[in-house]
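Here is what TrEMBL says about this protein:
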| type | residues | note |
| --- | --- | --- |
| DOMAIN | 3-99 | domain 'ABC transporter' |
| DOMAIN | 128-170 | domain 'ABC transporter family G' |
| DOMAIN | 245-459 | domain 'ABC-2 type transporter transmembrane' |
| TRANSMEM | 264-284 | transmembrane segment |
| TRANSMEM | 296-322 | transmembrane segment |
| TRANSMEM | 343-368 | transmembrane segment |
| TRANSMEM | 380-403 | transmembrane segment |
| TRANSMEM | 410-429 | transmembrane segment |
Amino acid sequence: MLRYVEQFDVQQPELTIRETVEFCAQLRLDKNDPKIGNDDGKREYAAYVLGLMELTDIQNLQVGSFAEGGLTFEQRKRLSIACELAGSPSVIFLDEPTSGLDSRGATVVIKAMKRIAGTGRTVCATIHQPSSAVFEMFDDLLLLKKGGNVVFFGELGKDSVNLINYFESRGANPIKYGENPASWMLSCYSGENAETRMLDWGLVYKQSEEYNTAQRDIMAIEAASEESKRIVFEEVYVTSFSERLKFMIERLYRIYKRSPAYNLARLMIAVFYSFIIGSVFLRGDGRRNSWGENELSAVISTMFLSLIVIGITSISMAVPVTQQIRDVFYKHRASGMMSHSSLSWALFFAETPYICLISLLFGAIYYATVGLFHTGKLFGLFWVFFTLNVAIYSYFGQAFICLVKDTPTAGALVGALIGYNIFFSGLIVRPQYFVGPFQLGYWTAPGRFAFEGLVTTQFADNDTPVYPEFASPYFFYLNCTETDFHSECFGTIDNYVQFFFGGRFTLENFGLDVGVLVAYMILAKCVTEFALWKFNYVNT
């Protein structure tokens with residue numbers, strides 16, 4: 001089994017070193033192995049890997065990010081190696097493991113690689129001009145020149161004696177005392193020595209005994225190979241779908257729990273706006289025996305504003321968080337750890353409790369301060385439609401960032417959805433004024449169904465008096481006259497809603513409203529799953 005460590009790896013900042021390595025072990029180690037196949041065995045193996053990479057003392061530190069602090073670059077390198085080693089590979093490839101490190105950091109990483117090799121595994125690394133100390137730690141060298149031609153391949157020998165003898169025997173200037181063999185070998189075929197620089201070192205190697213020896217070794221290995229010993233996997237994934245889903249849900253719950261900038265912030269925003277919007281109508285008794293036309297119109301407007309404000313907050317904050325999770329997933333998918341369905345469903349389950357809590361907090365404060373009708377049934381219906389609205393925005397935020405490459409592009413899609421909902425929901429332009437092709441927008445905007453459901457469940461069949469403003473359209477709708485305006489001219493809340501929305505918002509559409517909102521949630525999750533399956537916007 002092969003594993004590959006990238007030059008610049010990506011890990012989840014909210015998780016600890018131990019959690020990161022254990023997650024890789026749980027999803028990579030063979031469950032049929034009696035020693036490490038169960039959960040306890042996998043955790044023990046992860047602990048062994050942490051010790052091998054000298055990460056045990058800092059295993060409970062969060063990975064963090066470069067911008068906000070966290071692990072050093074050298075520690076991140078060792079963590080990246082540990083994640084791949086958690087799969088117990090036979091061969092491990094590393095791309096520039098010492099790139100960006102100082103001499104001490106490079107030595108620490110190479111020593112860790114040396115310990116891995118000491119366990120019987122083959123360690124292959126690309127490296128550019130290492131220090132003498134680092135270079136001497138390698139057993140073999142494959143030296144390539146421009147074009148991919150082999151210049152040297154074989155054992156270095158003690159103090160790189162084999163490499164030095166190879167070049168010096170072919171006319172290269174002798175190495176100076178204390179000179180770095182890694183730098184010296186490059187100067188042999190590209191340095192100041194005109195004679196050696198003009199040689200075709202690729203051809204020189206092909207005509208050498210070292211080349212013939214390597215070819216004989218390769219043929220011997222091929223001849224000795226047996227088809228019965230070929231490693232074959234019956235399935236793509238080591239774990240079942242339910243196990244992958246379980247591990248991913250646990251992982252996302254930890255991430256969400258440790259993301260106050262995301263979850264605590266949106267909860268605080270919900271509380272803040274619910275009080276600000278609702279307190280405009282705050283009354284001492286909390287109940288209303290009658291409403292003025294402008295008051296009720298304003299309440300309807302605040303319902304719409306609530307849907308939009310919390311919706312915008314939900315979708316805009318979901319995008320960057322999901323992008324980070326998505327980018328790490330690409331690596332897990334490439335290594336055969338995780339499927340797109342596992343992440344898609346895990347995002348759903350991790351997000352849902354916070355959506356429900358946000359809706360509950362906002363609804364409770366808004367409901368109490370506005371002075372709506374204090375019954376559990378009406379509040380429950382308010383919570384249902386508000387929750388569905390927040391869920392649609394949140395899930396489409398996840399879908400958009402999985403569908404496109406970066407946050408700015410996703411932001412364009414977010415803006416389009418918000419604008420679409422604002423215009424076609426039925427407040428900015430009332431339903432009775434949508435004619436011709438504009439009716440298509442009215443019947444397809446998810447915000448319209450959330451708004452209709454919210455309004456009709458709260459106001460339908462409500463006979464609380466509503467007094468019109470003098471000479472307003474509602475005044476004439478009630479056939480009021482100037483003589484009876486102050487005493488006898490009033491309608492009801494149900495009557496006003498029918499007037500305000502031209503009879504287009506009705507409680508009879510309750511099933512349609514719920515069904516369409518649920519359908520949009522399903523659509524968002526289908527888009528997310530398709531995008532995670534089809535696209536990869538990070539090189540892995």
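Glycine residues also receive a Cβ, built from the backbone N, Cα and C atoms like all the rest.
Taken together, the residues in the domain 'ABC transporter' (3-99) have a mean pLDDT of 93 on the 0 to 100 scale.
For the domain 'ABC transporter family G' (128-170), the list of distant contacts is 96, 98-99, 103, 106-107, 110-111, 113-114, 117, 180-186, 188-190, 196, 199, 201-202, 204-206, 208, 210-211, 213-214: same-chain residues at least six beyond its ends, Cβ to Cβ under 8 Å.
DSSP places the residues of the domain 'ABC transporter family G' (128-170) in helix, strand and coil in these numbers: 15 helix, 11 strand, 17 coil.
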